[in-house]
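K.L.:
Pulled these from TrEMBL:
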type	residues	note
TRANSMEM	18-39	transmembrane segment
TRANSMEM	45-63	transmembrane segment
TRANSMEM	75-99	transmembrane segment
TRANSMEM	132-151	transmembrane segment
TRANSMEM	158-175	transmembrane segment
TRANSMEM	181-197	transmembrane segment
TRANSMEM	237-262	transmembrane segment
DOMAIN	496-571	domain 'Transglutaminase-like'
Amino acid sequence: MSPDRDPAARFAQRGRPYWLLGSAVMLLTATALLVLAPVLVSFSWWWASVAAIIVTGVSSALLRGWNVAPPLVPLLSFCALLVYLTFGFGAGTGLLLLLPTPDTIGVFGALIAEGQSSIQTQAVPAEATPGIVFLLSIGAGLLVLLADTLAVWARMPALAGIPVAVLAIVPTVALRQDEQLWVLVLVASAYLLLLRVDVRTRRGEEQAATGSNDRMPGGPRIVAATKQPGLGPLGGAIGVGSVAIVSALVLTAAVPVVSLGAPLGVGPPSTSLFGGAVNPLIDLGQDLRRPAPAPALSYSSTSSRAVYLKMLTLDSFSGDSWVAGHSAFNESNTVDKFGAPPGLGENVATKEVRTSIQVAAVRSEWLPVPYPATSIEGLNGQWYWDSDALTVATTHSTIAGQNYVVNGLELLPTQQDLAASEKQYPGEIARYLELPGDIPPLIGETARAVTATAETPYLQAAALQKFLRGRDFIYSEETPVDEGFDGGGLRAIASFLEVRSGYCIHFASAMAVMARTLDIPSRVALGYAPGERTRQRLEGAVLYQVQTSDLHAWPELYFEGVGWVPFEPTPGRGSVPGYSLPTAAVTAPIVPAPQASSGAVNGPDARNVDESNQPSAVADAEEARALLTRNLLLAAAVLALLAVPWFSRSLLAAWRRRRTAAGAGIGPLWQELADTLTDCGHPVSDTETPRARGGAIRTILRDAGGESAEADAALQRLLDEFERERYARPRDGDGPRGDASAMLRDAALLDAAIRGAVPPRRRLRARLIPASLFARVGAAFAPGQGVLSNTR
């Protein structure tokens, strides 16, 4: 009965491994995982997942070839996946490193918990932590197991695209950019390939079934293509795949990109870095209490001070919270040129600096930028700067994965510059003094008590900073979060001044509010503290690594003639600027001071001079070692890639020899002989007779001077055995008639003679780039060619 009519033929045949179809399933699954590339920072997770796919898929094929009962194949393949997970993620707890133990289950549980926590706390693109890689490896193994069961055992490859389609929507949901159409096309092409291979496999089974009665055991099987009326299975596969490709492209293009920010011209974007909360200070506190910090960004700078990267400025205080109350962004404020810093006088010394920033696992519409910036290079998307705060934001993009350079100014005000400032402010600064009418008395009383002996706004600001950084205050992220204490409102500030324990939110808010009670304009900046110095260098400057735990808040105070100046009241965080530590010279009556040069900072400012511009032998040595390691790994990867054809061809030859040794007869060795001829540049025809093939080999050996009586005798024995197996009438119960060991010796002798008959360069090419392997792969997917014959 035809397989199309036999219901049992809809399922996989017992004892057949279906290598080609299984390989197409593994390729589709591995390609489908590429849609997750934008969601994760590195690419190491993909290799771990591909390894899980290969282990599971190859196990399924082997089990099918060993005639294991079909219902047991998925179960045993999952056991193979478990062995791989034990070896790769079990931390040495497995029996013989392979078999899971109770300790291994505990390690797996910890990895799952860590992965779930990372998924919940990280923004995309997220860092591929061990927990996330473990979860992805499990998912990849289960995905290929499901797809293999549908495509191979159930023979319903079209349904294998359903779990792949589920994966395809992940970037659309997790990211707000649509830049992965090429991945969708690649996945759709792999899906088409799976359908094509299934069609070819079905044709081969049909044709083998019709001609099985005329074929000798172990003999050749020559299969011709048959033309079916209409489009046929291949046409249907192409139609389904084409619809899948077009649908993927159209739907992806039609899905709207969700922006968390306000429309341009209406108001400033939302603080998506802090979860889009109404009060960003509250969400910053929640971010600081994440269980495990993750890399946020890295930077290098020519600045001589620690670099604070500001993202958002909160300048409007309602009494309950700080909010960004400045005006909407202007489309003409592009980042190629910024306006002058508000309030900066001509007599204040400045220095041009250049800061290179690489953002990793942070998603936000607010850009980390040193203050004040003059221009930005290398940004992707449309970004605009705010006229009042000089912060940078977008409405249709994100900072995730951005690499950019900020050109800016390093403000170098002297203590005399600050001390000369008086409480005479222009009209546009008045709003930075606004306070609600119901301020708790404790706040104003504390501010006045702390600054009782300070005669100038600068000295008052310095006194507030010194008071908050004193021994009476403790930095703690475990302060109460109920009743609004986690924010920066008046009640939270009053409670903070009583308990004298909190984190950057409380210190920055307290100093900013107390400064306003003393008629000093103030606002609160949100962004990143300077981070940790590394031994690496970028563009000649020391590289700093910033973690998500470096999220920070600090106050900025306004001084007439100088502009906005940052302070650091939080103990144990950031870097205290030298100008905020007044010396005896500025506590005495103010006298005219000579103008300071732009390249010098006197007194305590020297403590902030960074060592980034000093040569570091240690950093250079580390960089050289890292470069050498990268080059060696790259060379090893290239060599491994070049060795894939040779390794695959060697495996194929070894498999054929094992088949002959197991009793399959001369057929596999005759096929290997044809492939050796093809590799060495001698074309082989499927239509030539065995004797013609033998005559061609004798001609090749004679022309090259490599003919010998021993090789000729070996060829004759192989030829006689092949003809006997192919043409002689079999007797019931007879198997292959030749001695397997003798055939293997003759085949090895003849293989060496053929390879020795070609020049050394051609011999090397036959090993590294075997033409028969590539011809076999190409023929497997050529249209209308049926399936590969067993022999040639």
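Placement of Cβ uses the backbone N, Cα and C atoms for every residue, glycine included.
Automatic prediction, not curation, is the source of TrEMBL annotations.
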K.L.:
As a test: from 18-39, 45-63, 75-99, 132-151, pick the stretch that has the greatest number of Cβ pairs under 8 Å with the transmembrane segment (181-197).
P.N.:
18-39
K.L.:
Select the range from 18-39, 45-63, 75-99 that forms the most Cβ-Cβ pairs under 8 Å with the transmembrane segment (132-151).
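P.N.:
Per the Cβ count, the answer is 45-63.
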K.L.:
For the domain 'Transglutaminase-like' (496-571), what are the DSSP-based totals of helix, strand and coil residues?
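P.N.:
Summed over the domain 'Transglutaminase-like' (496-571), the classes give 21 helix, 36 strand, 19 coil.
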K.L.:
What average pLDDT is reported by the model for the domain 'Transglutaminase-like' (496-571)?
P.N.:
90
